[in-house]
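Student: Below is a structure I'd like to ask you about.
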Amino acid sequence: MIQIDALPAFNDNYIWLLQDATSRRCAVVDPGDARPVEAWLAAHPDWRLSDILVTHHHHDHVGGVAALKELSGARVLGPANEKIPARDLALEDGERVEVLGLVFEIFHVPGHTLGHIAYYHAAQTPLLFCGDTLFAAGCGRLFEGTPAQMHRSLARLAALPANTRVYCTHEYTLSNLRFALAVEPENQALRERFEEATRLRERDRITLPSEISLELSTNPFLRVSENSVKKKADQRSGQQNRTPEEVFAVLRAWKDQF
């Protein structure tokens, strides 16, 4: 049984900590800062950091990798097509890798960056570590990829089992939900999610992980084929957007300025 906890970092990052109590081994995902992980390891001296999983090359995801590698000797896994510090295993789309006894399939999900990957574990309750591709009620900015690339990447993730737990890397949920409500103000599921997320943040609790089913009902970037979303995108752009990719592009540009 793997326990997953969030280690807060910077202003709004989460470093996901996977723990196998039987072996006293742990793994972390996207440690942009080594200090939260170092503090946890210092408080748990009988545990060993065995693996560091990286989704993409941005500093707030890799800034702590080298120090943690030096401290623990952990294996560093990351995308083959990006420069990742101290990487031991370069991962391509479709490959499988075992971490703490869990087998993860690698998805290449370009958009936020061109080499971005996600880690997917198929199980009764599937797990998805998706970095800055799919957020709770949102998606990552397009720093390197195109709207078409990101739309395809999100469509791939949206097709995963509805109960897949989504572990993204930022506490952007309230901001994303405010934008989502601007797109679909009459979406009752969305209004309820905003109220729940607000209550959680008021108690200083995190809003993650999410689930694919929740994203399908409330994330505008996964709802670009819905008439309500297309209508709002058409109003925003002043023209008829003929394809879901075009609707997505309008939404992403709007969110960048929101």
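A Cβ is built for glycine as well, from the same backbone N, Cα and C atoms used for every other residue.
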Student: For the Zn(2+) 2 site that Swiss-Prot describes with Asp60, His61, Asp132, which of these is also annotated: His108, His170?
Tutor: His170
Student: I need the least crowded one of these binding-site residues (His58, His61, His112), counting other C-beta atoms within 10 angstroms of each C-beta.
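Tutor: Among the binding-site residues His58, His61, His112, the sparsest Cβ neighbourhood within 10 Å belongs to His58.
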Student: Once the chains shown are all counted, how many other Cβ atoms turn up within 10 Å of the Cβ of Asp60 (Zn(2+) 2 binding site)?
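Tutor: I count 18 other Cβ atoms within 10 Å of it.
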Student: Within 8 Å of the Cβ centroid of the Zn(2+) 2 site residues Asp60, His61, Asp132, His170, which other residues of the same chain have their Cβ?
Tutor: Asn13, Asp30, Gly32, His56, His58, Gly131, Thr169
Student: To the nearest Å, how far is the Cα of His170 (Zn(2+) 2 binding site) from the Cα of His112 (Zn(2+) 1 binding site)?
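Tutor: On Cα coordinates alone, these residues lie 14 Å apart.
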